[in-house]
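The annotation transmembrane segment is assigned in TrEMBL to 83-105, 117-137, 158-177, 183-205, 212-232, 244-264, 284-303, 323-344, 351-372, 378-396.
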Amino acid sequence: MLQLSNERLQVNKISPLVPRIYANQQTSGEADLGYENPSNDGVSSLIIPQNDVYVSNSKPGIMPESEDTASSSSSSQQPGLKWWIVIAFYIVCVLLGQSAGMILGRFYYNEGGKSQWMATLVQYAGFPLLLPLYRIFPRKSIQSHKPINELSPLKTASIYLFFGLFVAAVGMMYSIGLQYVPVSTFSLLCASQLAFNAFFSFFLNSQKFTPYIINSLVLLTISSVLLVIQSGSSVPEGVSKANYVFGFICAIAYPMAYGLLLSLTEFAFQKVFKNDSFEATLDLLLRQSFIASSIAVVGIVATGDLKSVKAEMNQFRFGKVSYVMTLICTALSWQVYNIGLFGLIVRVSSLFSNVVSTLGLPIVPVLAVIFFSDIMDGIKVVAMLLAIWGFVSYAYDQYLDECSKTKTVNPTPSYASGALEYKS
């Protein structure tokens, strides 16, 4: 039996014979090697029949796919209606959960709630509802082809603690900004998280700045500047000027910190853990949520907010039951958001989940006008349109990037008459 080396098959340019490998679908790696005359002189192609040739399994692309593998590959490239229904469900969860969480958070403040630590707690306290995801999704939904970096328990715990503290700080910025800034303005400022994510990814994740990303950065920056210019005329009733300025600073710092959090998370999975599996991602989310919730509980006790909870319940405009239900529904809303977010991460990608999350932010100003009578003046409308434009520019750049990656990872092989052809 003729042994083929791992070197690339070379074709003598003088010879008119073109090598072709005909697969016989055997698991032993055997194949039939034939030679054809590609000339158009009317002479039938010369075929050297049935010469057994051993084909090294280490040569990528020589062994053909079986019918089952080919059919599964085709089905994975052409997702069916069921797959699209599931993706649509997750998108709805992200949009509804995020919008409801922001609106209910503002409702808590408007109707008598005052504890910023309580508003922070409800963002993470519902994390036990995510435990069933270990059963719903297969543990190896996302496979990493890189070797997993085994860290010591102390290093792993330190990383979880760092992210838990960071998430708690981000949640507190969110609570302060939502308390003192109109929810319509706050949500538009949050749309700049894509720009901050791209900025920090440039340094941490080797993100390249394309014209579309630069366009997105400029548009989102202009959108935020417009809101800063008109901020003096949109101070909510009952909020002092000093508190409004402090809240506005937190409202700007929140998307900045959130963008940094996303970049650090990506850096941790790629460079530290070297593991981007679904289980590893869910582990980080649950542990950082537990730590952030614990910090919020300590903050409630240390600041004396626990003693004022009863007074808040009595002073709440719609009564005690409404107070409790507001907190419960807020916590449920953010977990619905997390379920949709994780569903998109597992089924599509983390980038797509972040893009969908940003897409839902312009929905909140419309709901704020309906439920809280927020003023939607011309500057806010222009800022919202610029934010949407910046989002579309960023999303289109990532779409082009994903398309180029797909073409690089899955190049189209050259087939002729059922034979796999190799050209020099």
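Backbone N, Cα and C define each Cβ position, glycine as well.
Note: TrEMBL annotation is automatic and uncurated.
For the transmembrane segment (244-264), the list of distant contacts is 163, 166-167, 169-170, 173-174, 176-181, 185-186, 189-201, 204-205, 224, 228, 231, 235-236, 354: same-chain residues at least six beyond its ends, Cβ to Cβ under 8 Å. No contact links the transmembrane segment (284-303) to the transmembrane segment (378-396), because fewer than 3 Cβ pairs that are 6 or more residues apart lie under 8 A. Of the recorded ranges 83-105, 158-177, 183-205, 323-344, 351-372, the transmembrane segment (378-396) has the largest number of C-beta contacts under 8 angstroms with 183-205.
Contact count against the transmembrane segment (83-105) (Cβ pairs under 8 Å) is highest for 323-344, out of 117-137, 158-177, 183-205, 323-344.
Within the same chain, the transmembrane segment (117-137) stays apart from the transmembrane segment (183-205): fewer than three Cβ pairs sit under 8 Å, each pair at least 6 residues apart. Residues 105, 116-117, 119-120, 123-124, 151, 186, 189, 246-248, 250-251, 253-254, 257-258, 261, 264-265, 268, 272-273, 284, 287-292, 294-296 of the same chain, all 6+ positions outside the transmembrane segment (158-177), place their C-beta atoms under 8 angstroms from a C-beta of that stretch.
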